[in-house]
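*Asks:* After the structure tokens below, expect a handful of questions from me.
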Amino acid sequence: MSKEKFERLKPHVNVGTIGHVDHGKTTLTAAICTVLAKVYGGDAKDFASIDNAPEERERGITISTSHVEYDTPARHYAHVDCPGHADYVKNMITGAAQMDGGILVVAATDGPMPQTREHILLGRQVGIPYIIVFMNKCDMVDDEELLELVEMEVRELLSEYDFPGDDCPVIMGSALGALNGEAQWEEKIIELAEALDNYIPEPERAIDLPFILPIEDVFSIQGRGTVVTGRVEQGIVRVGEEVAIIGIKETTTTTCTGVEMFRKLLDEGRAGENVGVLLRGTKRDDVERGQVLAKPGSITPHTTFTSEIYVLSKDEGGRHTPFFKGYRPQFYFRTTDVTGTIELPEGVEMVMPGDNIAMTVTLIAPIAMDEGLRFAIREGGRTVGAGVVATIIA
């Protein structure tokens, strides 16, 4: 049984396939699983089992996603593949499947297509940090020059959306050829795996990031002071450290004088743990749900930002009618709703249920935020959309 234990010690990296419909994303996913299982051990998966993606619900939104896993000698990968374009849009915006890197699949026979562009743009908006290109169906193109032309187009498209188009690895292969066991194409899958290992840096673990705890509840304990409770989102809070209380009101700083979990006193609270944090000299009314406790200076409160939004369809329990400029819903960040106004892109008059769109949001109260923060859009407690902070304006 020692082998199983060893596997868990490898760094864990989340990736996924993106790209235009029918360019071979699912075939490539199957090919990676099959070839790597053959070479490094692991479970092979066939096309049908990946394509038959189960439906999941993330914040009330129905998304079909396939999750597969594979290993290289250096790492363990969790890989997501979505059957339909709408699933990708929802997946990226809700962050249902966070990606440390994306594999952009482009058919050499077609070159970049509309969804190729849309997925690159979405990747930029939602913060996929690295993209590797797999040019697929190269066995169907005889002309070297055509392959070079497609590669150039893809690199230019990546650069247009602020990815380092000149430096992204581009692998030319045939997913179907590799799946059918043709040696020259299997080699290209190994080359892709090496690019994943070398080009996507090991992600920072939540525990190594600066401390953040979204406040869920506030209690006053006689003779001891004020306790806030919540789940530590990232980092570590230690007794005796300074912490900032950020969002909704003016930012204040105080000292953590105690951490407790299940009524036991601890020296520290770590990412993923539900804890109570005792705050020195803080009154019950100084703190409220929706604020965050954080390492001072690590995160700042903002009211205005651009975002990428997915609006739930009627079938998903969303609105039945479009909304227009001047729409004022609640934006649910972490643990609380804040009212905000929206500004639609130039030339867009209305937004229909089922659409995805970039918009600027202005909140009536500041919220601790960073680019990449996910939120829900609600009307009277009902979720009508999901979004992600793309860039902070003020």
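Cβ coordinates come from backbone N, Cα and C, glycine included.
Source: prediction; values computed, not measured.
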*Asks:* For which of the residue intervals 40-43, 136-139, 200-203, 336-339 does Swiss-Prot record region 'G4'?
*Replies:* 136-139
*Asks:* Around Asp22 (GTP binding site), how many other C-beta atoms are within 10 angstroms of its C-beta?
*Replies:* 12
*Asks:* Nearest to Thr26 (Mg(2+) binding site) by Cα distance: which of the binding-site residues Gly19, Cys82, His85, Cys138 is it?
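*Replies:* Considering only the listed binding-site residues, the nearest one is Cys82.
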*Asks:* Take every residue in the domain 'tr-type G' (10-204), average their pLDDT values, and give the whole-number result.
*Replies:* 93
*Asks:* What are the non-local neighbours of His85 (GTP binding site), defined as same-chain residues 6+ apart in sequence with CB under 8 A from its CB?
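*Replies:* Sequence-distant Cβ neighbours: Val21, Gln115, Glu118.
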*Asks:* Once the chains shown are all counted, how many other Cβ atoms turn up within 10 Å of the Cβ of Cys138 (GTP binding site)?
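*Replies:* There are 22 such Cβ atoms around Cys138 (GTP binding site).
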*Asks:* Measuring CB to CB from Cys82 (GTP binding site), give everything in the same chain under 8 Å that is also at least six residues away in sequence.
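*Replies:* Listed in sequence order, they are Gly16, Ala53, Ile63, Ser64, Thr65, Ser66, Tyr88, Asn91.
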*Asks:* What are the helix, strand and coil residue counts for the region 'G3' (81-84) according to DSSP?
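*Replies:* Taking the region 'G3' (81-84) as a whole: 0 helix, 1 strand, 3 coil.
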